[in-house]
Amino acid sequence: MNVLAAIVESERANAALAWSIVAAIVVTAIVSARAGAFVWAALGATAVSLALVPTLRRWDPFVMLPWEVLALAAVPLVVRLVASIPIAGFLTVATIALLIAVELDTYTSVEMTSRFAVSFVVLATMAVAGCWVILQWTSDALLGTSHLTGVVPLMWDIVYATAFGGLAGALFVLYFFQRDDADGDLTQERADHDEGRDHRSSSESDTSDSDTVLGLSERRCWRGVRLLQGALALLVGYAVVTVDPALFVNAALPLALTFAPTLVRRTSGHEMGAGLALWIAAAAFLHTVGAIRLYTTFGWFDQLTHTLSATLVAGLGYAVVDALERTESGVDFPTEFRFVFLVIFVLAFGVAWEILEFGSGGLASLVGGEAVLAQYGTSDIALDLLFNAVGAVLVGLWGTGYFDGLARVFTNRFDDSRDVT
């Protein structure tokens with residue numbers, strides 16, 4: 001039995017409570033629809049549909065998801081009828097993400113541990129917040145609506161959504177630990193891992209990649225890396241001489257990022273491919289020159305850099321997921337799920353980045369001076385998130401092979417950490 005499948009219960013007491021909660025959600029969905037709150041009605045309908053999957057699959061009314069999980073989805077929907085708290089809907093979104101994770105694990109070839117499911121819930125909630133921003137912006141641009149009224153209210157909605165995702169994740173951790181104490185699942189997961197681990201093929205013993213980009217030879221790729229590092233170093237020096245903190249941060253951090261291949265080689269013995277190294281350096285350099293002037297002069301340049309940076313974030317997500325699948329016996333991610341997860345991972349990262357930019361602006365307004373990371377309006381935020389998703393799709397379709405070597409590095413690290421514990 002899959003790890004998460006164990007929480008689908010077949011007890012009369014649980015079924016009675018679960019059916020009562022489902023009925024309450026149905027009522028809230030109907031009331032919301034009649035009041036014109038179609039988003040809330042859709043959330044309720046989605047929660048009900050997912051709640052009924054175990055019953056319909058087994059054709060048994062006593063087979064239901066745990067009532068506690070369904071209650072968490074119902075609370076914001078019920079509260080909304082007496083008090084308007086729009087952002088509370090993200091708690092329902094987080095619970096829906098957990099229901100999806102459970103049912104993917106139970107009824108499809110996807111297998112995930114409870115710990116991964118919690119991470120999936122948090123990331124999915126953040127990704128939904130990002131998608132919601134994109135949809136609102138699209139509606140405003142094409143239909144003339146006015147959903148996005150300003151950067152500050154938009155960003156606080158994103159912050160609250162992220163907080164609700166984190167809260168839901170914490171509650172689910174407590175819930176799964178309580179079940180683990182009762183059922184011993186966590187101990188079994190560890191035992192299964194040590195018993196059935198056979199993750200490294202002979203091809204994974206390779207210590208280097210030979211990938212290039214745009215048909216450039218490996219030597220030319222490395223020359224390009226050094227050239228971009230030199231340009232970034234000059235910008236760092238200029239920032240120091242002119243006492244420009246914003247430029248210093250926007251040049252020094254990207255410069256440090258270009259040395260990631262060197263760090264990987266020294267810490268793991270893996271020689272990162274020249275093409276990937278040039279990819280990283282190009283993304284770092286373009287961000288720096290964009291922060292100087294180009295972001296405000298050419299809007300398309302911001303979208304270009306976000307797409308390029310998102311491809312690297314997607315590659316990192318792919319490497320982590322691939323390593324988890326190789327080192328965790330209770331994990332199995334089909335190709336389709338990996339693709340969806342990459343998009344979720346990158347959107348969640350994009351949301352976190354927007355929060356970081358918002359925090360940078362808030363700090364600058366408190367202490368004075370120029371914000372290190374800037375936001376240029378609601379359109380800028382929505383387009384950043386949209387092109388982050390584009391970058392994730394590009395890697396998911398055509399670029400994962402560039403990150404196989406990095407996945408091997410993570411695989412070895414995860415194995416070594418488990419051997420130590």
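Each Cβ is built from the backbone N, Cα and C atoms, and glycine gets one as well.
Positions annotated as transmembrane segment by TrEMBL: 12-31, 37-55, 85-104, 116-138, 158-177, 276-295, 337-356, 385-403. Annotation comment: TrEMBL describes 188-203 as compositional bias 'Basic and acidic residues'. Here TrEMBL flags 188-212 as region 'Disordered'.
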What stretch, picked from 37-55, 85-104, 158-177, 337-356, 385-403, has the most CB pairs under 8 A with the transmembrane segment (276-295)? 385-403
Take the transmembrane segment (85-104) and find every residue of the same chain, 6 or more past its ends, with a Cβ under 8 Å from one of its Cβ atoms. 4-5, 7-8, 39-40, 43, 46-47, 50-51, 53-54, 65, 69-70, 72-77, 79, 110, 112, 117, 120-122, 124-125, 128-129, 157, 160-161, 164-165, 167-169, 172, 337
Given the transmembrane segment (12-31), which of the listed stretches 37-55, 116-138, 337-356 has the most Cβ pairs that are under 8 Å apart from it? 37-55
Which of 37-55, 337-356, 385-403 contacts the transmembrane segment (116-138) most, counting Cβ pairs under 8 Å: 337-356
So what's near the transmembrane segment (337-356) in sequence-distant terms, Cβ-Cβ under 8 Å and 6+ beyond its ends? 104, 110, 120, 122-124, 126-127, 129-131, 155, 158-159, 161-162, 306, 310, 313-314, 317-318, 321-322, 373, 375, 381, 384-385, 388-389, 391-393, 395-397, 400
